[in-house]
Amino acid sequence: MALVPCQVLRVAILLSYCSILCNYKAIEMPSHQTYGGSWKFLTFIDLVIQAVFFGICVLTDLSSLLTRGSGNQEQERQLKKLISLRDWMLAVLAFPVGVHTTVLPFILIEMRTSHHAYPSRSSGLAAICTFSVAYILWVCWVHHVTGMWVYPLLEHIGPGARILFFGSTTILMNFLYLLGEVLNSYIWDTQRSMEEEKEKPKLQ
């Protein structure tokens, strides 16, 4: 049994993200005052994704607690929708984008404490590609409006190298999605094997 219930951990993680976001917004940086503000940076977007994800986790826990034993089919359907949304966010956004920063330990804790059903591989990869392309287009739009690239590296390379860079990052995001899928399966296949081993009758 875990020393700290996973529900309490989720609340603590959610509060920590809310605190980080508040402190981040309070920092006066010149880049925050320019076009796009903090939303230009993947780090900030990732913090928002993680806060929303763990907010959904906490909401799922509360809904599960309130519907337990109620027998209300409508509430159970709503709970299943929340669980599906939680699992989708972990697979498509929270894990692949979370690897970008140091929030990965929180995601690994979440993967270890609760089973998450991944979407079909085709729909999952399509979703992460959509997110990647949308962010790339946003970065290009910011450059179009301001004349400045969000990341200094892009200032010093040519158009061909930029296309290669953007393509590589999209491929990387797809790889991270697949890594999350494999890791999630490994964790829960191992857990299932251990539970089955414990249930086997011991030889005298």
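FYI, residue positions are counted from 1 along the chain as it appears here.
Note that Cβ sites are derived from N, Cα and C of the backbone, with glycine treated the same way.
The shown structure was predicted, so the numbers you read here are calculated from the model rather than taken from an experiment.
Feature annotation from TrEMBL assigns transmembrane segment to 42-67 (among others). The list of residues near the transmembrane segment (42-67) in space but at least 6 beyond its ends in sequence, with Cβ under 8 angstroms from a Cβ of it, reads 7, 10-11, 13-14, 17-18, 20-21, 24, 75-76, 78-79, 82-83, 85-86, 89-90, 93-94, 97-98, 100-101, 103, 106-107, 110, 114, 135.
Residues of the same chain lying 6 or more positions beyond the ends of the transmembrane segment (88-109) and with a Cβ under 8 Å from any Cβ of it are 9, 13, 42-43, 45-47, 49-50, 52-54, 56, 116, 118-119, 124, 127-128, 131, 173, 176-177, 179-181, 184. Residues or ranges marked as transmembrane segment by TrEMBL: 88-109 (among others).
Residues annotated as transmembrane segment in TrEMBL: 124-151 (among others).
Beyond its flanks by at least six residues, the transmembrane segment (163-180) meets 90-92, 95-97, 99, 111, 118, 121, 124-125, 128-129, 131-133, 136, 153-154, 157 of its own chain at Cβ-Cβ distances under 8 Å. The feature transmembrane segment is assigned by TrEMBL to 163-180 (among others).
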